[in-house]
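> Below is the structure I would like to discuss, written out as structure tokens.
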């Protein structure tokens, strides 16, 4: 019972109050201090009575003219302290950054104050005296600048750095305070600033282009109007048989003969195009003064009657082309840093240490240039292409290892947002090359730089790519680029289009030697006519003892200046074949022979070829054609085999299509990736119609292919497909009364394919019979009566 009572006895509780803890006392103290500080700050801001003036002078002594900002910040801090009983819990970045920014602001306030007072020493004492004077007068009339805090900083910076240095120090401290406060990475800030400046620059550039476009159009119209009036006056006042006065009259006016060219150059874009105007002025000067013709630059392709024919010809303006708005690729900039990190991390996981040295954002791909660590094999990076594509979630990527001329490895990653390269933009950005009439812009490389191809340096170009890869657009870009840079007397075209739908739009322009050739048999004959023209030109070179077309044209100019005649100079000839595979299927031997001869000898004669095909197989692009066409342009293909057929290396199978190409001109070891320019069919028609409105087509009768010529080729004309050994082979077979391919190979020392074609041709013409397996062919042609005794005597 005693134990039970002990357990049920109630425990006594103390009724005394607990003493306040240390935290509660601290919070109460904070509340009181906050209340007092809040009251003092309010009195200072409102300047209530003498007490308020005293408190206001206290804040002015510290912060000077910025005392209201200082008091406002103090009010916020004291209000927080009064409510929560503790100081605001801010990180050290906010405290340090905020105080540093406010100090920089006070330092800037000191500069106008002391410049106004013209006082440059003892800044602290002067500020303190001004504060005492205001306090004694009971007012705030004096300019205190940045107060005692600002005066303390100014007394250090001014003797060392003067006012300019003080301003720079203050601005640097402000920027540093922002970085400290918000913990901003420097490279991200610079990248954001760069994007903002680029957008601003693009807007300013668009406005400037619009304004200059309007001015150029008005100036061009005025110049063309003046030129028309000058030409009308010259044609009515001067005799057509007098060459010198006809060119002298326009030269006396301000616009002169160069007005059409200068008008075109004024509209086409860049300030460098003004060089074309100078070149046009030189073209008029030899006619005005024949004695000065020997000093004319060799690039002038028009003299005598040709200059008079082209005097009114105006080059097409870039305003005829559609202006495509630029694509916003700001999202691509945002992914550059993350992709760079993914590349280094992925390669590091495979034991390959690299460092991203440079990144180039192009129209269709972004190129990351990596520097491998010492001991890293290049092949190891190349073998990880699929793993890198997986890490970047890319469709496909191309690795250039190493980059020519650099100790870096290039990784080209496709962009999610592809920027279209406008043909008008690259035409306006192309610098003027009066000495390079065959220079045409192709597009832009992965760094955004303009890529210009010079046909005279190539000298022949092979284009290959699958359907829809941009091959036909590239051909239109090159042809239109030549039409916009040259006159009909400078460049002539031979266009061959077996598909009949790609190049037909150019029919009727004065630059054509013949209408667009669409039949394969006529195309083979047309190529042989170009070969004949090449041989004719070499005969002219031999007679004049010149080595190439430029030297011959210069020689003709000198002769014209000496005797007053007007001998024509030779224009460039550009042969364009849009589908080589179709020609090789129908007339392979004739086409191949003509292409090989032109490839070997046509450069010095001023004849250049552009061959395009969508089937880059070895039976179309034969070894002889590849050997004689050194410059290549590969678009997207289906396999690495096709890529190796075009450019002798892989890479074209990884292209994106839509103008993405690998361009390898003669002399370049590795191909250059280029995003080709885009030109619409409407733009091509606009340029063609502009040219047709000025001149009509004047075809060369010697280059026209007639129907009877193709019929003669089918009947066995030796110049149109019959082998040169055919007649001798017929005599041999008739004499021996047996026919075999091996016999022709041994006797004429020719290859199997050629000998087999001769035997097949004899079979078609009824000379020999068909093949009967292992039995010899029957010979239908018998020896004549005169041949039989002769052969018997020989035996």
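Glycine residues also receive a Cβ, built from the backbone N, Cα and C atoms like all the rest.
Not my notes, these are from Swiss-Prot:
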type	residues	note
TRANSMEM	32-52	transmembrane segment
TRANSMEM	64-84	transmembrane segment
TRANSMEM	94-114	transmembrane segment
TRANSMEM	138-158	transmembrane segment
TRANSMEM	160-180	transmembrane segment
TOPO_DOM	181-795	topological domain 'Cytoplasmic'
COMPBIAS	231-272	compositional bias 'Polar residues'
DOMAIN	448-644	domain 'FtsK'
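For each feature listed, report its degree of burial, its nearest neighbours and the pertinent distances within the displayed model.
Beyond its flanks by at least six residues, the transmembrane segment (32-52) meets 58-59, 67-68, 71-72, 74-75, 77-83, 85, 138 of its own chain at Cβ-Cβ distances under 8 Å.
The list of residues near the transmembrane segment (94-114) in space but at least 6 beyond its ends in sequence, with Cβ under 8 angstroms from a Cβ of it, reads 63-66, 69-70, 120, 123, 126, 143-147, 149-151, 153-154, 157-158, 163, 166-167, 169-171, 173-174, 176-182.
Beyond its flanks by at least six residues, the transmembrane segment (138-158) meets 50, 53, 56-57, 60-67, 103, 105-114, 116, 120, 123-124, 126-128, 130-131, 165-166, 169 of its own chain at Cβ-Cβ distances under 8 Å.
Long-range neighbours of the transmembrane segment (160-180) within the same chain, counting only residues 6 or more positions beyond its ends whose Cβ lies under 8 Å from a Cβ of the stretch, are 93, 96-98, 100-101, 103-105, 107-108, 110-111, 115, 154, 186, 189.
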